[in-house]
Amino acid sequence: MRIICVDDYDQMSKKAANIVASQMILKPNSVLGFATGSTPLGMYKQLIKTYEDGHIDFEEVTTFNLDEYCGLSKKNDKSYYYYMYENFFRYVNIDMKKVNIPNGMAKDINKESLAYERKIRSCGGIDLQVLGIGRNGHIGFNEPDIKFEALTHMVKLDEQTIQDNSRFFDSIKDVPTKAISMGIKTIMHAKKIMLLASGKEKAEAIYGAIYRKITPELPASVLQLHPDVVFVVDKEAASKLDLEKLKEEYL
Ligand SMILES: O=P(O)(O)OC[C@H]1O[C@](O)(CO)[C@@H](O)[C@@H]1O
């Protein structure tokens, strides 16, 4: 586990974008795993800039997103498909046929989940998976007490997640209560993982992910077992960590 602690959100975004860009330069046909939420927005902006400056090319890239709300179509402006297109994909030369986001409108979610897993595997697996983290330590939409061996599946959202994500909706009643999400096992299969966190409301989850015992009660704690994971966190998200001790352990 590597931990990169930077000053603020802006630096976190730049660092994260550089890590994605270097993956793309080293392997132009990379399979990238992307996340939604507020945290990676700055990283997407930076990646667009890096693309516009001519340093990266998305032509051969394939992407898989972590999750999607059940019941929201691609056209719904609250869906993660819409988020990815409007905030990122429309600005770069990605082939939308190589963009994969779970279909939250699928009639048979189990079938959709299985097909998503097969597609990831047929593309050779995810080279670099980007993650955010929920205040309760969720990754993707894998809420506390999820089974570590879960692959892509339908999940029921935690009250806290519904509350946290209600800021994107007109009313809390509009927040879907279910989603389709890559499972912990899907995430752990990625060759490299990069988790991003900014702000003091993430400090407890970051502390737990790095130092607490590995337990499904704190899904992100499983990342301690991954052979190639980097946390890019700002000072506030790192505020519960002992940075001097971290230097000895991780830098
Ligand atoms: O970046 P945010 O908006 O704090 O969200 C954190 C996490 O919560 C989710 O938005 C799901 O609730 C994830 O996609 C994200 O990783």
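The backbone N, Cα and C atoms fix where each Cβ goes, and this holds for glycine too.
What TrEMBL records for this protein:
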ACT_SITE  Asp67  active site, proton acceptor
ACT_SITE  Asn136  active site, for ring-opening step
ACT_SITE  His138  active site, proton acceptor
ACT_SITE  Glu143  active site, for ring-opening step
DOMAIN    28-224  domain 'Glucosamine/galactosamine-6-phosphate isomerase'
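On the structure: features taken from TrEMBL.
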residue : record                             : Cβ within 10 Å
Asp67   : active site, proton acceptor       : 22
Asn136  : active site, for ring-opening step : 19
His138  : active site, proton acceptor       : 25
Glu143  : active site, for ring-opening step : 22
* Alpha-carbon distance [Glu143 (active site, for ring-opening step); Asn136 (active site, for ring-opening step)] in Å -> 8
* Asked: Just the number: how many Å between the Cα atoms of Glu143 (active site, for ring-opening step) and Asp67 (active site, proton acceptor)?
  -> 12
